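Per Swiss-Prot, the features are as follows:
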type	residues	note
ACT_SITE	Thr5	active site
BINDING	Gly161, Cys164, Thr167	Na(+) binding site
Amino acid sequence: MFDATTILAYKGKNKAVIGGDGQVTFGNTVLKGNATKIRTLYKDQILAGFAGSTADAFNLFDMFEGHLEACKGDLLKSVIAFSKEWRKDKVLRRLEAMMIVLNKEKIFILSGNGDVVEPEDGAIASIGSGGNFAISAARALAKHSSLDEEELVKESLMIAGELCIYTNQNIKILKLED
């Protein structure tokens, strides 16, 4: 259940975009095909998406939003404060969820054990069972196509939906623009 979804984020030149599929599974059963796993945070200045347990993810969203408020929307400071709290709390360390958070300047993956990872290229991140398919497609499309950020995320998630049985093609997208 921890990885059964796909979230892809792309921080381009003109937009920051996050997208996710809508499939919710329990074991080998599809429970829902149109779930929303992405949202905006802190005055619509931060994009976030989750993979993993829905209940755990909502708790993490609430906690992270508290850190964003305390840090006045500073994404880097919020991520560091959130990670410190996550690692110190025994209950949090057992939560089965991962998050991607981004704004127009930075992008981070928050792992299930409290690690913070900034993608090597600083532009593309993915989580979930179809994450490797989506990020591979996104990197190829970024390098060899003229798709804008939103189209690139959608097309990459559609490709992941063709390959990953835990990912569908009911794609939702959120973006931040200049």
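Residue numbers in this text run from 1 along the chain shown.
Glycine too: its Cβ is placed from the backbone N, Cα and C atoms.
Under DSSP, Gly161 (Na(+) binding site) is assigned to a helix (H, G or I) in the three-state scheme. DSSP assigns Thr5 (active site) to coil in the three-state reduction, placing it in neither a helix nor a strand. Sequence-distant neighbours of Thr167 (Na(+) binding site) (same chain, 6+ apart, CB under 8 A from its CB) are Thr5, Thr6, Asp21, Gln23, Gly128, Ser129, Gly130, Phe133, Leu157, Ala160, Gly161. The Cβ of Cys164 (Na(+) binding site) has Thr6, Ser129, Gly130, Phe133 as same-chain neighbours under 8 Å, each 6 or more residues away in sequence.
Each of the recorded positions Thr5, Gly161 was scored by other CB atoms within 10 A of its CB, and the lowest score goes to Gly161.
The record gives Gly161, Cys164, Thr167 for Na(+). Within 8 Å of the mean position of their Cβ atoms, the other Cβ atoms in that chain belong to Thr6, Asp21, Gln23, Ser129, Gly130, Phe133, Ala134, Leu157, Ala160, Glu162, Leu163, Ile165, Tyr166, Asn168, Gln169.
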